Every structure is written in C-alpha cells, then in structure tokens.
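Structure first, then comments.
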Amino acid sequence: MKIIYMGTPEFAVPCLEMLIDSGHEIVGVFTQPDKPSGRGQKMNRTPVKEKALAHNIPVFQPHTLRDTNVMNEIENLKPDLIVVVAYGQILPKAILELPKHGCINVHASLLPKYRGAGPINWVIINGEKKTGITTMYMDVGLDKGDMILKEEVEIGAEETAGELHDRLMHLGAQVLRKTIGLIENNEITAIPQNHSESTYAPILTKDLGKIDWSQSAIEIKNLIRGTIPWPTAFTFYEGQVMKIWKSTVIESELQEVPGKIIDVKKDCILVATGQNILSIEEIQFSGKKRMGVRDYLVGNAIEKGNILGE
C-alpha cells in the first residue's frame with residue numbers, strides 16, 4: 001500500500017517506524033517546518049523528519065496544506081492511504097477525499113473523550129484511571145471521525161504525563177498496525193462517535209501549571225503529575241518561582257490557610273490545601289537544579305508558617 005505519513009513530534013516516530021518496518025511504501029512524509037530554538041536560534045528538524053531522512057523518504061514541510069501546489073504534490077504521490085499522527089495541521093476536505101482508503105488518525109485518548117491537542121496531560125490532571133489509543137477515519141471536524149479500533153490502558157497512580165506519553169506512543173504503533181491490517185483485508189466496521197459524550201483537551205499553556213492551594217491535595221498532585229515534563233506545576237515561595245516535581249497526599253482533618261507550610265521535615269515540606277495535606281518531596285527554584293527536599297535543605301531554608309503562592 002502506498003502511504004503518505006503526516007506527523008511531527010517524538011510521539012509520531014514509532015508509528016512511522018512501524019510502517020517502514022512493515023514494508024509499506026511510504027511515498028512521502030509531511031511534517032511541520034523546522035523551527036529555531038536555543039540561544040543560537042539554530043534550526044531544528046522535527047523528530048519525524050529525522051526518521052524519514054534516515055530512511056531516504058521524501059519530506060515535505062508546507063506551512064499550510066491549503067495551497068494548490070501542496071494539493072498537487074499530494075495528488076502526484078497517488079497515496080492509497082494517508083496516516084496522521086500528531087501532525088499539527090488540519091487537513092482540508094479535498095485532501096481527506098483523495099486517497100482510496102481515506103485518511104486515518106491515531107489519537108491518544110479513548111474517544112469521544114479528550115478530543116484535542118492535550119489528551120495525555122488532561123487525563124492525569126482530571127484524575128482519570130484509564131485512557132488509551134483510538135484510531136479513526138478523519139473528517140473535517142476535530143477528532144470527530146468514525147472510530148476503527150480502541151485499546152485501553154490503566155493509568156498508574158504515580159504516573160506522569162511524560163511516562164504515559166512514552167507508553168502511549170508505542171501502543172499507538174501497535175494499534176495502527178492492527179488498523180492497517182483491517183483496511184488491507186477490508187474488515188473494518190467503523191463506529192460513529194457519540195458526540196454528546198465528547199470532552200475537549202486543549203493544548204497546555206505555561207500558566208496552567210500555577211497551583212491553586214484551595215484545591216484538594218489530590219487535585220494538586222494530579223496537576224503536578226499531569227504537567228511533567230512541561231509546563232510543570234509551580235507556586236511561589238517568598239516571591240521566587242518554585243516548581244514541584246513530586247508529592248504525596250496525606251489525609252488530615254486539619255483546617256488551615258490553603259498554601260500554608262505547616263511543617264518542614266528533613267525530606268519533605270507539608271502544606272495545607274483545600275482538603276488534606278500535600279507533602280512536597282522534590283522541588284526546583286528558578287535557575288537551579290531539580291532536587292529532593294532533603295538535598296535542598298542541606299544549604300537552604302524553608303520556613304514553617306510561610307504561605308506558598310504569595
């Protein structure tokens with residue numbers, strides 16, 4: 001089968017690797033344009049571009065797909081199928097209708113829940129116990145197409161968004177392999193989504209990581225887990241930004257001002273919340289290394305009674 005692959009970040013690499021290893025003819029890879037990054041503003045290739053070039057696959061990096069020349073390029077490649085994984089651009093109707101077998105997408109949630117760009121983070125932030133991968137046919141709506149396969153996984157109680165991301169990107173490749181097998185054998189029974197059950201997972205912003213201490217300890221812990229590795233949950237201690245990387249919920253009937261440091265132990269900081277106590281175990285101040293509270297307290301002080309967030 002002749003396939004065009006569209007993807008950009010690290011999450012999209014295992015699916016491309018699987019297609020290459022399975023012997024499909026990848027006639028072209030579409031990925032986002034290179035972006036400058038770092039102090040020298042050096043142009044960085046996307047992870048998908050790196051993988052495609054390593055296998056001598058033609059790479060296309062249009063700023064938009066809504067362009068006649070781009071449409072002609074795609075048409076000339078004569079794809080039987082277009083596979084889209086975290087590409088970062090909306091496909092216009094003309095492209096969706098081009099391949100014989102349509103366009104399919106690998107999405108990192110159990111649709112119709114968590115449509116959008118940030119499903120991996122939001123399932124953890126919202127305290128979900130399970131998530132998974134859904135493959136679907138694409139239509140003009142955002143993640144609204146008919147579903148092909150779903151595979152479910154449990155979310156670990158301590159699992160971070162970064163760890164879940166790495167698990168799901170490999171699961172995505174497995175589910176894509178099964179999906180393409182069904183397409184090749186003409187065995188697909190696509191299921192429409194129940195749009196009334198849909199939820200949305202918007203892309204994350206830096207401000208999302210700011211901790212509201214009036215929330216319960218478990219809600220704050222979920223925010224911490226769900227924003228690792230980026231943007232990372234943070235608060236303020238004596239005017240300095242303090243990122244929090246690891247925490248534990250301690251059940252308590254204590255009624256205190258949310259955000260108040262109620263105790264400082266040798267390896268943790270105990271903080272009052274809207275419900276229960278949060279034990280902070282790993283922190284990072286601006287310009288400093290991430291470290292355990294035990295190590296931080298060797299040469300620094302955290303004062304009991306201070307209010308975090310001020």
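Residue numbers in this text run from 1 along the chain shown.
Including glycine, each Cβ sits where the backbone N, Cα and C put it.
There are 27 other CB atoms within 10 A of the CB of LEU111 ((6S)-5,6,7,8-tetrahydrofolate binding site), with all protein chains counted. Sequence annotations record features per position, and here Swiss-Prot assigns (6S)-5,6,7,8-tetrahydrofolate binding site to SER109, LEU110, LEU111, PRO112.
Look at PRO112 ((6S)-5,6,7,8-tetrahydrofolate binding site): DSSP puts it in coil. In sequence order, HIS107, LYS113, TYR114, ARG115, PRO119, GLY132, THR134, ASP143, MET147, LYS150, GLN193, SER198 are the same-chain residues whose CB sits within 8 A of the CB centroid of SER109, LEU110, LEU111, PRO112, the residues recorded for (6S)-5,6,7,8-tetrahydrofolate being left out. Most buried of the binding-site residues SER109, LEU110, PRO112, judged by other Cβ atoms within 10 Å, is SER109.
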